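J.: Here it is: the structure, laid out below.
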Amino acid sequence: RTSHRRHLNDPTLERHFKGHRDTITSVDFNCNMKQIATGSMDSCLMIWNMKPQMRSYRFAGHKDAVTSVQFSPSGHLVASASRDKTVRLWVPSVKGESSVFRAHTGTVRSVCFSADGQNLVTSSDDKTVKVWTVHRQKFLFSLHQHINWVRCAKFSPDGRLIVSASDDKTIKIWDKTSGECVHSFYEHGGHVNYADFHPSGTCIAAASTDNTVKVWDIRTNKLLQHYQVHSGVVNSLSFHPAGSFLLTASNDSTLKVLDLVEGRLLYTLHGHQGPATCVAFSRTGEYFASGGADEQLMVWKTNFDTADYGEVLRLRHTAPCVDRGGVGSTAFPEDSGSSLLHSQGAGMVPAVLASTLEHIVAQLDVLTQTVAILEQRLTLTEDKLKECIDNQHQISSQLQTRS
């Protein structure tokens, strides 16, 4: 093990928030670390401020349970999916302006931004996965192959692939460009509630109703790790941005931290009364948040990865290979020849250039959203103007008939 991971400090509960009136279904951190978004069965989206003196915002608009929330990569928008069959895009400020679009013909189970912030992928009980542009919420295409509700859909870190998980007991990997399903993983024990890509883009993890968590290599299509650590349905999971840890939430009311390098259970966290429904690491991995049926949002300080986080993220592409002699509930298949931490050292972008590019992308994102909001206001104005003209026509025609 590398030196920065020898001395693990236990995670600590930093804060907890209460404000929702029903089960919290989804949680996400803003990249600026100042805000956390949550969705709930109470039909509301809430934006919580990390600063204690700052108040939280409650956004009402959905007509039924909010099933999924996510901040855009720049942090200037929040997307929410709902049982009311719509997706909303919110500006996470006091006004809480939002645009709404009818996304599916059934409950929308999940919504996810692409890493460049340009696209959205949604999944639904109508058995489809759909891809949209963020600008104008223009529908691009549907992915049809699932034969039951689709619980979850996520973009790969490079935006070229999509993973979807369905009640038909399959996890499908799709090529975004061609719309083709490139592989299906079959879950015989139960269906998958939640799936996501490893930060390297080479693996996926799946949380299942059979109480297990599995990690698959999408290059070889082989099962890498199989964790049987929960005693209840696993509802959600989140990879640490450095790629070494996986966080899970279960109906057994616990959160678990899995060490992917050693293939073992690292921590069991008891905080929620009743099912733990959702988890998410912050963008740096320094914090993580969890939500539950107890209507509580809990924010934890990670601590167990005590290295400089910027350094860890920079080292991610040149990290050591996975130790296959891991202890605990799992082992790597001997013939897999795979590494969870995919080495790409040759293609790294200098840190200064990367941060400048990120800043430019964020600024472009702000401009795009501003234009989108202005366009919406213009459309509203046009509609009102049309209404006024129609009214005038009606009045003048009534006057003419009288005379």
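A Cβ is built for glycine as well, from the same backbone N, Cα and C atoms used for every other residue.
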J.: Looking at 287-321, 357-391, which one is coiled coil according to TrEMBL?
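T.: Per TrEMBL, the stretch marked coiled coil is 357-391.
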J.: Roughly where does the repeat 'WD' (59-90) sit in mean pLDDT, to the nearest integer?
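T.: That stretch averages a pLDDT of 96.
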J.: Pull the DSSP breakdown for the repeat 'WD' (185-226) and write it out as helix, strand, coil residue counts.
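T.: Here the numbers are 0 helix, 24 strand, 18 coil.
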